[in-house]
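Here's a structure for you.
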Amino acid sequence: MHWGLCPRGPGAAAVAAAGSFWGPARLPSRLGCLGMTRRLVVRSVAGADSPQSSSKGGRYRDTVLLPQTSFPMKLLGRQQSDMELEIQQKCGFSELYSWQRERKVKTEFCLHDGPPYANGDPHVGHALNKILKDIANRFHMMRGSKVHFVPGWDCHGLPIETKVLSELGVDAQSLSAMEIREKARSFAQAAIEKQKSAFVRWGVMADWNNCYYTFDPKYEAKQLRVFYQMYEKGLVYRSYKPVYWSPSSRTALAEAELEYNPEHVSRSIYVRFPLLRPPPKLESLTDASSPVSVLVWTTQPWTIPANQAICYMPEAKYAVVKCSASGHLYILAEDKIAPVASALETTFDVVAAFSGVDLEGGTCSHPLTPDKVSPLLPATHVTMAKGTGLVHTAPAHGMEDYSVASQHSLPMDCLVDEGGMFTDAAGPELQNKAVLKEGTDVVIKMLQATKNVLKEENIVHSYPCDWRTKTPVLIRASKQWFVNITDIKAAAKESLKTVKFIPGAALNSMTDMLDRRPYWCISRQRVWGVPIPVFHHKTKDEYLINSQTTEHIIKLVEQHGSDVWWTLPAEQLLPAEVLAQAGGPGALEYAPGQDILDIWFDSGTSWSCVLQDTQQRADLYLEGKDQLGGWFQSSLLTSVATRSKAPFRTVMVHGFTLGEKGEKMSKSLGNVINPDTIISGGKDHSKEPPYGADILRWWIAESNVFTEVTIGPSVLSAARDDISKLRNTLRFLLGNLTGFNPETDSVPVKNMYVIDQYMLHLIQDFATKITDSYKQYDFGKVVRLLKAFYTRELSSFYFSIVKDRLYCENEKDPKRRSCQTALAEILDVLVRAFAPILPHLAEEVFQHIPYVTEPKSVFRTGWINTSSIWKKPGLEEAVESACAMRDSFLGSIPGKNAAEYEVIIVIEPGLLFEIMEMLQAEETSSTSQLNELMMASQTTLLAQEPRERTAGDIELTGTFVINLEGGDIREESSYKVIVVPTAREKCPRCWKHTSETADALCPRCAEVIGAK
């Protein structure tokens, strides 16, 4: 226990010698119960009287030491929220981060904050993420580490631009670049302030005075330096490739910027491509009188005009079939004959079968342009999952298609512009038509006119959409800047071998995503972001970038911010020596490029700005599962590319927040829960009560965050009930420590009651498990351990046993002080155990501890500190053997008051009897430690059957197996419990049935009153 008091003296429990005054110091190393274990949830004993349970105290009320504390049992309405604000102020929440940074400690813990997007109000997803991080940080800080946690915000990009333009009701073309940037910056700054205020209110400890922002000039400059380092190594290049393209946003998108609509409806068609030149090996199967067509299926008819080839699977089996309805001959995969015939509502007769490799050398005529040749080509991406086993290939509109085109030098012309419209190159019938709308209609009609469409139907499938505009995207070839992932991938995967993933399956997910990613497009055609520092020749397809130009721009950006790219003339963006070589001020042949860096590159280089040392790795990255393909991956790739190491040692991945029934939260469903409403309550407190931040934090810690996390009124109400029970436990502890000073009143462990020593043993084991769970970031297990301990071990078990000793013994009696010594240690361990999760409650308790005279902050007093001498496995078994007998007794009198019965325990001579003698030296006692455990009027311990038995008594039997010295000695002992109604009267002071007459005090109470 270390509440900021001076070190404990020799009388304190933690430094006292082991042993006990009640018997030999050595206990059996292992005791066991055959067929029976102690029930942690003690049976409720109806009518179990205590002096506290009646409003009528009688004439002895003032002699009973009832709990005294100002710690409230409940905080009603806004009291919880108001108390938390008061605690934050009083206990210095805002100064805690700087205080711990100034400590002279050797270890440091760095949690690198993944930047939330600065485009809206704080939501429960933010709460889940930030509170998980805070729990981890507070634990490591209390354990003695100097925590490094700098919050950040992702401030650039399309989502903010989209929101700004939407609020203004204009499109990007009607505003200048600087107008958009200024409004976007203001929007982001406002969102940051809202979010920051909420995070502070949730109790998040962080370096709030030195947050990082991706629009900060110094951050932008460091990002550009990483970009150029990668460019210099040949890892960044410009190329014409197909990328995900958003017509609504008029920019390229990364895969992480896509959302998939599972209910998207596409128009699919079966199209035939007339065989122009048969493959050499199949010439004998075809003749001019029976023309053959290759049959393909596509869900994107608009790409047919851009077709350059048809791909097949070389190792698959194919066939020439004859359609029974039309008599036409078609080539398709053998495995697809039946499903395609069914789809076309016809039958096929197989004319010939052959291997896919036999298709080599064949060509088809384009179904819209007969004189255009589409060769048959082998490809590895062809599957038999859907379609015909033959794939229409448009290199400008597919990643795999592009790969095939690169191998075979096919044209890659793109017929679609930035707005998703057909260009004039597509022909007058298609020009200026939206490819995903009327453009598709026209293409299908054109194919029908040439009689090359066999069937058209709608298909519902998952389709990618722009994550902000929610509209469908397409794949479109354009000149973009890319990161060469192929050259980094092996090193990135190797670096992950030194990284711990929580849960472990997240590693496989991340490596799978890396394997599936062919390249990373890092350029965007927008203005709110960091410019790619490249100058393009005005008339040639050339660009200018070198160390001189980049370093010059980096210095300008560091001093003035990235606005300079749009505000300064090109002549000032180039260093003088380069400017002279590029035509001079009056005849400059280059203009600044119009592309900005992808926001994933923006945030993915945060390690270069935030981690204090360029070689430093963060101890923990903790984000949602969507970041496995987002920030985790971009951070890994940029760090490995420039430093040859992963930026993190541990990666923890959590799920998303959902409504109470597992449904996605949305305004239309009316199930969006605002964290501020959770904390402060809604307009109607009867429907939306104020819970406070700690209940929000408890819900998060308790949830299985590695899957989807549900939230709603019932789970919040359950969390409130949990904390209410915890408050009652804490109130009991605080109330019974009044008048106790650990420095002067603690009882040495060897002199403590057995049950009190047993509780020290339990809390040492509890503390070890709690610490291990925090180390593993298994906060759900922490909560489960806490709930089991304070509800079962404390409230239901220990407190029910020791109330009489606390309330009715003399204030300074060693027996009472023994219990208070245990209570003080329990309180110390318990509060520290939940402090990282419930910081406000921990500080509130700290303010009410009677022997802490100048409370400041529990977080400044360290982690749990237990003593090795508390660990006594033999003692644990001794108590549990007595508890097994106690459970037998209580189970025999359901619904009745245990104090109205006497217990006779009969045990044959042996080890079990000797153990019970340690708890009760005399034959019969109403004040022994054994009787305290039994909660009976009195307990009698015998080695043989009593000479006389009472009619109507209850007899119970059981057997124990006792293991000594690690199992070297094994002894089985049987016992008998006889339950007899007591003939004694209830004492008017302690209410135990131990008095001779109804108006007389029991001997113990008479002695206590007499001493006073």
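Just so it is clear, glycine is given a Cβ too, placed from its N, Cα and C backbone atoms.
The N6-succinyllysine annotation in Swiss-Prot covers Lys56, Lys194, Lys479, Lys500, Lys775, Lys781 (among others). Residues or ranges marked as N6-acetyllysine by Swiss-Prot: Lys74, Lys233, Lys241, Lys725, Lys775, Lys781. What Swiss-Prot lists as motif ''HIGH' region' is 116-126, and the listing cites a curator's inference. Residues or ranges marked as ATP binding site in Swiss-Prot (evidence: similarity to another entry): Lys664, Lys667. The annotation motif ''KMSKS' region' is assigned in Swiss-Prot to 664-668.
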Reduced to three states, what secondary structure does DSSP give Lys194 (N6-succinyllysine)?
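Once the DSSP labels are grouped into three classes, Lys194 (N6-succinyllysine) ends up as helix.
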Using Cβ atoms only, which residues of the same chain lie under 8 Å from Lys775 (N6-acetyllysine) while being at least 6 residues apart in sequence?
none
Would you mind reading off the Cα separation of Lys194 (N6-succinyllysine) from Lys74 (N6-acetyllysine), to the nearest angstrom?
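Approximately 30 Å lies between the Cα of Lys194 (N6-succinyllysine) and that of Lys74 (N6-acetyllysine).
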Highest Cβ count within 10 Å among the modified residues Lys233, Lys241, Lys725, Lys781: which residue is it?
Lys241
Does anything in the same chain, at least 6 positions from Lys500 (N6-succinyllysine), have a Cβ under 8 Å from its Cβ, and if so what?
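Correct list: Arg649, Thr650, Val651.
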Starting from the Cα of Lys479 (N6-succinyllysine), work out which of the modified residues (Lys233, Lys241, Lys781) are within 10 Å.
Lys241
In the motif ''HIGH' region' (116-126), how many residues does DSSP call helix, how many strand, and how many coil?
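For the motif ''HIGH' region' (116-126), the helix, strand and coil counts are 3 helix, 1 strand, 7 coil.
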Average the pLDDT scores across the motif ''KMSKS' region' (664-668) and report the rounded value.
72
Closest of the recorded positions to Lys233 (N6-acetyllysine), Cα to Cα, picking from Lys74, Lys241, Lys664, Lys725, Lys781?
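Checking each of Lys74, Lys241, Lys664, Lys725, Lys781 against Lys233 (N6-acetyllysine), the shortest Cα distance is to Lys241.
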With the cut-off set at 10 Å between Cβ atoms, which of these recorded positions ends up with the most neighbours? Options: Lys74, Lys194, Lys664.
Lys194
What's the CA-CA gap between Lys781 (N6-acetyllysine) and Lys725 (N6-acetyllysine) in angstrom, rounded?
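With the alpha carbons as reference points, the distance is 18 Å.
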Could you check which of the recorded positions (Lys74, Lys241, Lys664) sits closest to Lys725 (N6-acetyllysine), going Cα to Cα?
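Among Lys74, Lys241, Lys664, Lys74.
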